[in-house]
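Peer 1: Below is a structure I'd like to ask you about.
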């Protein structure tokens, strides 16, 4: 019985040793299947079947032509340009605003407003980077990466903790179905409402973290408000 | 239905297929044949997944993994636009550039909300099994036509640009699909039952706080292993929430459900197994450390997990 956990162990070891995830996942899948006694031919069939059923997970491919073409025409630059006109903008503030919109939209069932390939890469990440550039001038690549990672995180966090506030979302329906099967009364409306405390908490915590992120950038790249001398001292 | 999900997969397959042609003929790529083959095989699985018997799809998937394992998948050259030229193009269209980009989410939302039960004749317009996916596919097709008109580009340019992005994503493009496959095999092998048995063994039966603690942390851990909170909930709820919290301490099922799913999502924020949320974006945003997004999410995830434990404890107590 415990042998089935060898697959899990392989995943953890493989990821920890930074082998290619594709290889790690495949080896773990094959090992798990063989350990529990699936014949090889059936195991490969399982691979093929699940791979085909889950094609929807690769939907980002359908967005590539639009995003690619727009990037070639300067969309990312335009996103930066637009934000650089707003004086009060900062990377953290833009991402807090996006987090808020993403979370509220998801709570209203509008999950598809947002997403990494169609919104974060061409719009949100360049806007946050553009705001930092407008504020500090040159931004080192290391900090740019941090800003982009923050943009991706804001998208995930807003989506996850917003969507369960919407009654008709998959998670709520799954749980309702599960409780029904086990003869326990559950009401989707209350399930959604009891998500609110956590949804509000996560917004507060993450926006505080984004504010601290702004402060960190201020300290590192110089706060224009405090003058150049100050920031040079700090940089040393 | 009139527009089925299969059509969207075919559109995805066509994009991959054209990309693979460009890769095959890219002289700047040292491994252009193997790299092209990777995208070509992937295109075939997208296009004909429904027709080709699963065993052969399985073999094709393994072939793709072998290509990656032996370093056969390399990036090519794309004739990058010079910054000045890019700036000139940006000025030409200005804010009009946002139009096609914004059309994608707006049309997807409109399509998936308004057209969901619309029938033409006696047939549903959108595939009821996944209307959002179909709406997104159609939105992208309208957006690409708009973008081509605006930028006066030919379809070839759109495919070339897709190839630049697809090669930038590289092997990560199939990772979410492969992880979902692994999830299916884990479920078949009974990994879930083993994990929940192990967790219920350590549970201190009389302390509400520690039951809540084990349940919420278990949801997060299980989600990290499976990459998916949906897989964790039935196992953990059947193993801990129903027998201990609901039946013994009379906890409210609605509260348990809402909070435990969020505990699971905290796990999603912390695991590379949720590749489409954590790894693919890292690749898309050109981050050197593929775990960078997870690193950024970690503090928020841990604090939220702690909040969920305290909240559930206060409600059940």
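Counting starts with 1 at the first residue shown.
Cβ coordinates are placed from backbone N, Cα and C, and glycine is handled just like the others.
Unlike curated entries, TrEMBL annotations are predicted automatically.
What TrEMBL shows for this protein is this:
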type: TRANSMEM; residues: B:6-25; note: transmembrane segment
type: TRANSMEM; residues: B:55-73; note: transmembrane segment
type: TRANSMEM; residues: B:93-112; note: transmembrane segment
type: TRANSMEM; residues: B:132-150; note: transmembrane segment
type: TRANSMEM; residues: B:171-191; note: transmembrane segment
type: TRANSMEM; residues: B:211-244; note: transmembrane segment
type: TRANSMEM; residues: B:256-277; note: transmembrane segment
type: TRANSMEM; residues: B:297-316; note: transmembrane segment
Peer 1: Which one, B:55-73, B:132-150, B:171-191, B:211-244, B:256-277, has the most C-beta pairs under 8 Å toward the transmembrane segment (B:93-112)?
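Peer 2: Against the transmembrane segment (B:93-112), the leading stretch is B:132-150.
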Peer 1: Report the listed stretch (B:55-73, B:132-150, B:211-244, B:256-277) having the maximum count of Cβ pairs within less than 8 Å of the transmembrane segment (B:171-191).
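Peer 2: Most contacts with the transmembrane segment (B:171-191): B:211-244.
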Peer 1: Tally Cβ pairs under 8 Å between the transmembrane segment (B:211-244) and each listed stretch (B:55-73, B:132-150, B:256-277), then give the stretch with the top tally.
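Peer 2: Result: B:256-277.
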